[in-house]
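Heads up, the thing below is written out as C-alpha cells.
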Amino acid sequence: MASPSICLLAALLVLVSWQAIASDPSPLQDFCVADMHSPVLVNGFACLDPKYVNADHFFKAAMLNTPRKTNKVGSNVTLINVMQIPGLNTLGISIARIDYAPLGENPPHTHPRATEILTVLEGTLYVGFVTSNPNTLFSKVLNKGDVFVFPEGLIHFQFNPNPHQPAVAIAALSSQNPGAITIANTVFGSKPPISDIVLAKAFQVEKGTIDWLQAQFWENNHY
C-alpha cells in the first residue's frame, strides 16, 4: 500500500502537469507561423515551412491609434489575434483596442482561453469581474494610465461612466485565440434558441419576458 507521502507527491504532480497544459501550448522552436492553408487539423494551426516565412507574417498595419465606430451598446473591440498575424501561432498572446462611446460598455463576457490585462489610454472606465460560486464582484474605477487584470474564464465588463467623453483602452490577452462569450448574446441570441421554458425557470421571470429578449437583435461588438 502506498504511503501518504507518495500519494501526496503523486497528487501534486498531477496538479502541476494539469496547470502546464491548461493554456496555450509552449513553443518548441523559435516560431511556428500559422499555415492557414494546411489541411492538417491540430490544436491551433500547423506550422508554415520556415523557408517561406518573412517579416510580414509577424506584422499587421492595424492602425490601433485610429478611433473606431461603436455599436448600439457603445463599444467596439478590435482584436488582433492569430487570424490577423499568423506569427502569433503558439506564442500565447494577442492584443485588442477597445473604444467606448459616452456611457458605452463592453458588456459582461468571458474569455474561455485567456487572462486579460487592460490599460486605459483615454477617459475613465468602471470595470469588474465576478468570481465563480460564491459570486463575488471585484470592481474598480480606472483613470488614464491605470491597469486592471481579469482572470481567465471569469465574467467581466467595462463601462464608460462619462456621458460626454469617449474612452479608449488596450488589452493584452494570454492566448493566440482567446475567444469571447458575451453573456446576453449567448443566452438570448443563440441559434437555435435555448428553450424559453428553460430560461424562464433559470431567470425566474415570465416566459413572455424571455420571448421578448430572444426576439431582440443581439449585436456583436467584436470586429
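Note: Cβ is positioned from N, Cα and C throughout, glycine not excepted.
Summarising the annotation, TrEMBL assigns oxalate binding site to Asn106, His111, Glu116. According to TrEMBL, the Mn(2+) binding site annotation covers His109, His111, Glu116, His156. Residues or ranges marked as disulfide bond by TrEMBL: Cys32-Cys47. Residues annotated as domain 'Cupin type-1' in TrEMBL: 62-211. The signal peptide annotation in TrEMBL covers 1-22.
The structure, with features from TrEMBL marked on it.
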| residue | record | contacts (Cβ under 8 Å, 6+ apart) |
| --- | --- | --- |
| Cys32 | disulfide bond | Phe45, Cys47, Leu48, Asn89, Thr90 |
| Asn106 | oxalate binding site | Val73, Ser75, Val77, Ile98, Tyr100, Phe157, Gln158, Phe159, Asn221 |
| His109 | Mn(2+) binding site | Ile155, His156, Phe157, Ala180, Ile181, Thr182, Ile183 |
| His111 | oxalate binding site | Phe150, Glu152, Gly153, Leu173, Ser175, Pro178, Gly179, Ala180, Ile181 |
| Glu116 | oxalate binding site | Val149, Phe150, His156, Ala171, Ala172, Leu173, Ser174, Pro178 |
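A Cβ within 8 Å of the Cβ centre of Asn106, His111, Glu116, the residues given for oxalate, is found for these other residues of the same chain: Val77, Ala96, His109, Thr110, Ala114, Leu118, Phe150, His156, Ala171, Leu173, Pro178, Ala180. Within 8 A of the CB centroid of the Mn(2+) site residues His109, His111, Glu116, His156, the other residues of that chain are Thr110, Ala114, Phe129, Phe150, Leu154, Ile155, Pro178, Ala180. Cβ neighbours within 10 Å of His156 (Mn(2+) binding site), excluding its own Cβ and spanning all shown chains: 22. Taken through DSSP, the domain 'Cupin type-1' (62-211) splits into 23 helix, 56 strand, 71 coil. Within 10 Å of the C-beta atom of Cys47 (disulfide bond) sit 20 other C-beta atoms, taking all shown protein chains into account.
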